[in-house]
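Step one of this worksheet: look at the structure below.
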Amino acid sequence: MSKCCLFLPLLLLWLCCSRITSGQINGTVILSRFNSTSSSFSSGIVRVYYNGWGNICNDAYFNYVDAVVICHQLGFDSEISYYDSTSGQNTIYGTDYLPTVWQGLDCGGYYLSVSQCFYSTEIDHQCSSNSHDVIVQCSSTKIWDNPFLGMIRLQGGYYSNEGRVELYCNGQWGTICNNGFDSTDANTLCRQLGYDTCVSYTSSSRYNLSQPVWSNDMYSVSGTGCFGDTNACPLQSISNCSSQISLICGESSLSIKYAATKSVCSQVMLNIAYFTGTVP
């Protein structure tokens with residue numbers, strides 16, 4: 001049975017989540033063209049899931065940084081441009097008739113997901129029109145096209161917040177074994193990816209499996225929230241692994257914000273490589 005619990009010592013409680021079979025949860029984003037969505041789109045009208053699918057308003061608060069974060073969450077390195085539906089882009093992307101669910105989106109720096117950003121769900125009259133839906137055009141370059149030692153990504157899911165966990169070692173992407181893997185590890189990986197928490201994890205073969213297997217024992221670097229097992233990159237693939245890990249990451253119901261960025265875990269892993277002699 002899939003489970004994921006986040007322990008909050010300051011509040012003396014456990015926040016436990018039930019089995020979730022889809023990444024369609026609050027904070028999920030995807031791009032739409034003529035009311036069709038695809039995880040392969042690098043440009044389109046932004047849809048965000050917040051108790052149902054809707055759009056983000058391109059109001060006075062929305063800017064370049066917010067567009068970059070949306071592109072990061074979708075796995076792209078950066079943003080090329082952003083618009084609203086009054087710009088004439090509806091001839092390219094159509095009109096999305098979903099309701100506006102967010103306005104006042106306010107993201108910082110090089111955040112990796114909109115779960116880290118602040119927003120309002122109280123929609124004013126101007127934003128209630130689909131003419132102000134956010135449209136982004138992302139770079140075709142993926143964040144992981146220039147990977148660092150210990151970089152992680154999710155692959156094989158329909159949404160960018162779900163999929164098989166892959167780890168970059170020895171110049172090749174591989175997977176993480178389920179041996180000893182628990183909810184603390186799942187939360188660490190989701191936070192490294194820019195999400196508040198793990199919503200669900202599974203050690204089954206639900207997604208297409210990938211080889212090699214680079215790790216069967218992991219822990220986080222204290223205070224960084226980054227995957228930091230100094231033994232994460234063995235000389236050869238691990239052979240005694242019965243199953244591998246898939247995650248669904250999302251937004252905490254308590255709105256805890258973790259400031260993971262594109263560079264923070266890269267720097268941590270470069271430091272680990274320097275002191276241990278590990279070679280990416």
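Any Cβ shown, glycine's included, is placed from N, Cα and C.
According to TrEMBL, the signal peptide annotation covers 1-23.
What TrEMBL records for 18-139 (among others) is domain 'SRCR'. Across the domain 'SRCR' (18-139), DSSP helix (H, G, I), strand (E, B) and coil residues number 26 helix, 44 strand, 52 coil.
Marked as disulfide bond by TrEMBL: CYS107-CYS117. Other Cβ atoms within 10 Å of the Cβ of CYS117 (disulfide bond) number 20 in total over all chains.
Among the features that TrEMBL reports, domain 'SRCR' is placed at 152-266 (among others). Confidence across the domain 'SRCR' (152-266), taken as the mean pLDDT and rounded to a whole number, stands at 76.
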Cβ neighbour count (within 10 Å, all chains shown) around CYS107 (disulfide bond): 23
